[in-house]
Amino acid sequence: MYSIALFGQRVIQRFSYFSSFSRFLCNQQSDTDGTGNSFGRIEDYLNESWKSTNSENNMKDKSEIQESIDFIGINDYYEGHFRQKFSSRHNFIENVRNEASMVLEILQQDGPGFDAKAALDNSHITVSSLLVREVLLGILKTINYANKNRCAKLGYKFFVWSGQQENYRHTANSYHLIMKIFAESEEFKAMWRLVDEMIEKGYPTTARTFNLLICTCGEAGLARKVVERFIKSKTFNYRPFRHSFNAILHSLLAVNQYRLIEWVYQQMLVEGHLPDILTYNILLCSKYRLGKLDQFHRLLDEMGRNGFSPDFHTFNILLHVLGKGDKPLAAVNLLNHMKEVGYEPSILHFTTLIDGLSRAGNLDACKYFFEEMIRQGCVPDVVCYTVMITGYVVAGELDKAQELFSDMIVNGQLPNVFTYNSMIRGLCMAEKFDEACMMVKEMESVGCNPNFKVYSTLVSYLKNAGKLSKAHEVIRHMVDKGQYIHLVPKFKRYRRC
C-alpha cells in the first residue's frame with residue numbers, strides 16, 4: 001500500500017517527518033494565491049507523457065536506387081536526390097501559399113455586387129489539404145472583435161466551397177480549424193453543428209475535437225454538456241488512452257476544469273471502468289488544485305489499496321506539495337526514497353520542488369536544492385534558472401537574480417521570454433527603468449520577441465512611477481511590433497487550446 005500513512009508506517013519509518021505528513025497535507029492551503037500557474041509544469045508533463053508521434057517512411061524501390069547509385073556514384077546520387085526532393089517540395093509549398101493568398105484576396109472582396117463563390121470557381125485553383133489549412137489559418141490570424149462575424153462567415157463559405165471540389169475531401173484537421181474560427185467568433189451552435197457533420201460523414205471525433213469544445217464552452221456553462229456527449233459518443237477516438245474517460249480527464253486537466261474532473265471520475269466508476277496510474281495522477285492534481293487535501297491523502301491510500309505505486313509524475317506532485325508547504329527536510333527524504341525505489345530525481349523533480357519552495361518564500365532551501373541538483377549531475381535548464389531568478393526577483397534580491405541570469409548565459413542556457421520578463425520586472429521594481437528598456441531591446445536583438453506580458457509589465461511600472469511619456473513610447477513600440485490586438489476589448493470567453 002502506497003498511501004502517505006504507509007510512507008510513515010512501513011516504507012520510510014526512519015524518517016520522522018512522514019509520521020505527520022498526511023496531517024501536513026490536510027492543513028495546507030490550496031494553490032489559489034493568484035501568483036500564477038505554479039502547478040502547470042506538473043500538468044504539462046502529464047500531457048507531454050501521453051503524446052504520441054507517427055512517422056512515415058517513403059522509400060524508392062531498392063533496385064531503382066541501386067541502378068542510380070551504380071550509374072552516377074553514391075555521393076552524387078544522394079546529393080542530387082535530396083536537392084531535387086527539397087526543390088520540388090519548396091516549389092509546391094510556395095505555389096500553395098501564393099494560391100492561398102489569392103483565395104484570401106477573393107474572400108476579402110465578398111459582399112454586395114461580388115460573388116466570392118463564382119470567383120473561386122473561375123480561379124482554377126487546385127484544392128488540397130495544405131491550401132485549406134493555409135487559407136483557414138490566414139482567416140484565423142485576422143480575427144478581432146470588430147470583424148469576428150464576417151471572418152466566421154467567410155471561413156465557412158470557403159470551407160463549404162473547398163469541400164465540394166473534385167479529388168478533395170476535408171480532413172479532421174480541416175474541421176478543427178474551422179471550429180477554431182467559430183470558437184474565436186463565439187459561434188457555439190455552429191461548432192456543435194460541425195461536430196454533428198463530422199460524425200455523420202464518418203470522421204473520428206478525437207481528443208482534439210473535445211479540447212476545442214471544452215475550451216470554448218467551459219466558461220459559457222456548457223462544459224458538462226460537452227463531457228456528457230463525449231462519454232456517450234460511440235465515435236470518440238480516445239487513443240492512445242486506455243479508455244475514453246482517461247482521454248476526457250486528460251483534456252479537462254489541460255483546461256483547468258478541476259471540479260468537472262471529479263464528476264467524470266464518478267461517472268467512470270459508475271460505468272465500471274477501473275482507474276490506472278494516469279487517472280490517479282490527474283485526480284491528485286485536481287484535488288490539490290481545489291484545496292481538498294484530506295481527499296488528496298485518501299486518494300493516495302486508495303492508490304495503494306488498488307496496487308499502484310507512485311510513478312515519476314506522482315513523485316513530482318508530492319514534491320510540489322512539500323515545496324509549497326515549505327517542508328525542505330521532508331523533500332530531502334522523499335528524494336532519497338525515490339532513489340531507493342528506482343526513480344532517479346530528474347531536472348523536472350528538482351525544478352518543481354524549487355518552484356514550490358520559492359513560492360513559500362524559502363530561498364535558502366531553493367539555493368540548497370539548486371546546488372544539490374548540480375552535484376547529482378542534473379544540468380539546470382532555462383526553466384529551472386527562470387524559477388530561481390523569479391524567486392529572487394519577487395524577494396527583492398535583484399543582485400542575485402542578475403548573477404544567475406549571467407551564469408545561465410555563460411553555461412549555455414539562453415533566456416526565454418519568461419526569464420526576460422522576470423528580469424525586467426526586477427529592474428522595474430528597483431526603479432532601473434532605463435536598464436529595463438535596454439533589456440527589451442536586448443531581447444529583440446537576440447531573436448527573443450517580447451510578448452504582451454513583457455510590454456504590459458514595463459508599461460505598468462512606468463505608469464506607476466509617473467513616467468507617462470516613456471510608457472506611451474513603449475506602447476507605440478508595442479503596436480509597431482504587432483501586439484496591438486491586445487489593446488482591443490476582449491471578446492473571447494474561453495481559454496485558447
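Glycine too: its Cβ is placed from the backbone N, Cα and C atoms.
Just so it is clear, the model here is predicted, and its values are computed rather than measured.
Some features that TrEMBL has for this protein:
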REPEAT    171-205  repeat 'PPR'
REPEAT    276-310  repeat 'PPR'
REPEAT    311-345  repeat 'PPR'
REPEAT    346-380  repeat 'PPR'
REPEAT    381-415  repeat 'PPR'
REPEAT    416-450  repeat 'PPR'
REPEAT    451-485  repeat 'PPR'
Taking residues 6+ outside the repeat 'PPR' (346-380), which of them lie with a CB under 8 Å of any CB in it?
33, 35, 38, 41-42, 45, 312, 315-316, 319-326, 328, 331, 335, 338, 387-388, 390-392, 394-395, 397, 408, 411, 413
Do you know the DSSP helix, strand and coil residue counts for the repeat 'PPR' (171-205)?
26 helix, 1 strand, 8 coil
Below 8 angstroms Cβ to Cβ, which residues of this chain, lying six or more residues outside the repeat 'PPR' (171-205), approach it?
129, 132-133, 136-137, 139-140, 143, 148-149, 151-152, 155-156, 159, 212-213, 215-217, 220, 222, 230, 233, 235-237, 491-494, 497
Averaged over the repeat 'PPR' (171-205), the pLDDT of the predicted model comes to 90
